[in-house]
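What Swiss-Prot lists as active site, proton acceptor is Asp69, and the listing cites sequence analysis. Look at Swiss-Prot and you will find Ser8, Asn9, Asn10, Ala11, Gly12, Lys13, Ser70, Phe152, Gly153, Tyr154, Asp155, Lys175, His180, Arg181 tagged as substrate binding site, backed by sequence analysis. Annotated Mg(2+) binding site per Swiss-Prot: Asp40, Asp69, in sequence order.
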Amino acid sequence: MNKIVIASNNAGKLAEISRLLAPLGIEVVTQSSLGVTEADEPHMTFVENALAKARHASLATGLPALADDSGICVSALRGDPGVFSARYAGEPRSDERNNRKLVEALHGQSDRRAYYYCVIVLLRHGQDPQPVIIEDTWRGEIIAEPIGQGGFGYDPHFFLPELGKTAAELSIEEKNRISHRGKALARLVQMLSENETVPVVPV
């Protein structure tokens, strides 16, 4: 069975990624289970951070590595929180504090448009010169009051007008079909299943 190390310790992300890669028979292991600490994310773009995380995990384990960097970008805030989404309210990181800061930042704003952005990077080995890079988005609006118990991050405040509900009200299956990460991973799964890239095998 093929094996990939996931360059994240975020439980929500790990659950989504494991579920979507399962049909390919790929064994997903977390970097923390292999004693690998999280990489720094010093860059100002999502793709640079994802590349840094994937390379760190692959070099440390000798396995192919999959990393994503994602966040929420709000039109009225000129794209913020962006790459700082996970630490928008500072340390210690907290979804509740991040959401509170976002709602406060949008107080009095009529433009509530926002989108989740995700970039996924697959490295076949630590020195892979041609990483697979896939991007996708998920558009919605920010609402002041949280609704729903599911998801993570900004999901309770991310309203989907076409569905009349927030991301936190979706089942895991629904979310995987339409979310930024779900769509990007689905494209990666299709690419791997069609052998459009080098097979994912341990090196």
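A Cβ is built for glycine as well, from the same backbone N, Cα and C atoms used for every other residue.
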- Item | Among Ser8, Asn10, Ser70, which are binding-site residues, the residue with the most C-beta atoms within 10 angstroms of its C-beta | Ser70
- Of the binding-site residues Ser8, Asn10, Asp155, the one whose Cα sits nearest to the Cα of Asp40 (Mg(2+) binding site) is Ser8
- Would you mind listing, in sequence order, the residues at least six apart from Asp155 (substrate binding site) in the same chain with a Cβ closer than 8 Å to its Cβ? Gly148, Thr166, Ala167, Ala168
- Look up Asp155 (substrate binding site) in the DSSP assignment and report helix, strand or coil. helix
- Query: Hey, how far is His180 (substrate binding site) from the residue listed as 'active site, proton acceptor', Cα to Cα, in Å?
  - Reply: 11
- Task: Which residue among the binding-site residues Asp40, His180 has the fewest other Cβ atoms within 10 Å of its Cβ, if you could check?
- Result: Asp40
- Measure from the CA atom of the residue listed as 'active site, proton acceptor' to the CA atom of Ser8 (substrate binding site) and give the result in Å, rounded to a whole number. 9
- Between Gly153 (substrate binding site) and Asp69 (active site, proton acceptor), how far is it from one CA atom to the other, in Å? 13
- Note on the structure: Going by C-beta under 8 A and a gap of 6 or more residues, the same-chain neighbours of Asp69 (active site, proton acceptor) are Glu41, Phe46, Val47, Asn49, Ala50, Lys53, Val83, Cys118, Val119
- Secondary-structure category, per DSSP, in which Asp69 (active site, proton acceptor) falls: strand
- All chains considered, the count of other Cβ atoms within 10 Å of the Cβ of Gly153 (substrate binding site) is 21
- How would DSSP class His180 (substrate binding site) in three states? helix
